[in-house]
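According to TrEMBL, the feature Fe cation binding site maps to H110, H114, D291. If you look up TrEMBL, you'll see I133, A134, S135, G136, G137, D166, G179, E183, N267 marked as substrate binding site. If you look up TrEMBL, you'll see 23-297 marked as domain 'Gcp-like'.
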Amino acid sequence: MWILGIDTSCDDTGVGLVRDGSVVVNLVASQTLLHQRYGGVVPELASREHTQVIDGLVQQALLEGGIEVSQLDLVAATRGPGLIGALLVGYTYGKGLAFALGKPFVAVHHLEGHIYAALAEHPEVEPPFLALIASGGHTHLFEVPAWGTYRLLGATLDDAAGEAFDKSARLLGLGYPGGPEIERLAQQGDASRVPLGVPLQGQEGFAFSFSGLKTAVARALEKGYAPADIAARFQQVAVEHIAQVVTRAALHSGLRTLLVTGGVAQNAALKAHLQAAGLRILFPPRGLATDNGAMIALAAWRTQAQNPQNQLNLPAAAYLPLSRAP
Ligand code: ATP
Ligand code: FE
């Protein structure tokens, strides 16, 4: 079974092809350079750029996959959450294509895509498990008791983890996206030189908080600490905070398998720290952690491919919580 997956939720156009649950093609047209000089994503520019590139990207994916468009069995696209104008480009393109082909169209929740990306190389994994999404817009910890059921255990009270990396990087005079930049600079720094505390010490729940950390970065700069030392301490504290919350959730739920996904899941310090926690931790393979189309096709394969409901009448949604808990 061939599934085409499309994601245009933010500033990357993602098109992927999945065959029988395996990723065959994953193409991402990044808009980072387009938005860089504005210091953030400009929604209208993102939508226009998606419109420009989406058809070419789908044609290229079919070419690389070695199939004709008529061989697609199902088309899946991100329904939300995201920038509505951007979402609509991929979502309506996917609907139109499915309708023209007479094949089912499946709507996918963006976070569901991120979750299933972490299972791309682990077809044997079955629920229940924990799933942490640490991306540019989310820091959400879910318990997944069954395929397609998501119970929110905790989320960030303020900034998302990736957002904190991006904002702190900006304060430190680094480029965008900030995560990889901070990771690079941190290697040259000494974390023990900067006194930044781990957020939400003493909480009994599973909340995250990163905005105080970002403010502490600004204060540390004012006090004259070296940027490399600040970057090292910021990363250490962010990683420690995430590790504390997920380890507590593992203890509380009794679940020993944790999926960690979203752009921050690429952070080597986070990987190393979590792997030392005695849990079974699964990360997305390279290229599947940040936004892409293959993860949307994978989610469709896992949750709906066996019994696809044609969802042509379902509208896109900028705001869309992921909770289909019974
Ligand atoms: P969302 O899915 O919540 O809408 P998004 O899809 O835009 O957000 P992703 O593409 O999953 O987010 O991730 C991008 C974020 O990941 C950025 O904030 C970036 O700084 C961060 N990031 C990427 N690589 C790293 C890294 N090595 N260390 C820490 N953070 C990273
Ligand atoms: Fe995303």
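Placement of Cβ uses the backbone N, Cα and C atoms for every residue, glycine included.
Automatic, uncurated: that is what TrEMBL annotation is.
Taking the features listed in TrEMBL, we show where each one sits on the structure.
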{"residue": "H110", "record": "Fe cation binding site", "DSSP class": "helix"}
{"residue": "I133", "record": "substrate binding site", "DSSP class": "strand"}
{"residue": "G179", "record": "substrate binding site", "DSSP class": "helix"}
{"residue": "N267", "record": "substrate binding site", "DSSP class": "coil"}
{"residue": "D291", "record": "Fe cation binding site", "DSSP class": "coil"}
Distance filter, Cβ under 6 Å of ligand 2; input binding-site residues S135, G179, N267, D291; output S135, D291
Separation of alpha carbons, H114 (Fe cation binding site) and I133 (substrate binding site) (Å)
7
Among the binding-site residues listed here (H110, H114), identify the one with the smallest other-Cβ count within 10 Å.
H110
Least buried by Cβ count (within 10 Å) of the binding-site residues S135, N267
S135
Among the binding-site residues listed here (H110, H114, D291), which has the Cα closest to the Cα of G179 (substrate binding site)?
D291
Using Cβ atoms only, which residues of the same chain lie under 8 Å from G137 (substrate binding site) while being at least 6 residues apart in sequence?
C10, P81, A160, G162, E163
I133 (substrate binding site) CB neighbourhood, other CB atoms within 10 A
30
Cα-proximity to S135 (substrate binding site), 10 Å cut-off, over binding-site residues H110, H114, D291:
H114, D291
Round to a whole number and give the Cα-to-Cα distance in Å for the pair H110 (Fe cation binding site) and N267 (substrate binding site).
21
With a radius of 8 angstroms around the mean position of the C-beta atoms of H110, H114, D291, what other residues of the same chain does the Fe cation site pick up?
D7, S9, T78, L111, G113, A117, S135, G262, N292, M295, I296
Give me the count of other Cβ atoms within 10 A of the Cβ belonging to D291 (Fe cation binding site).
27
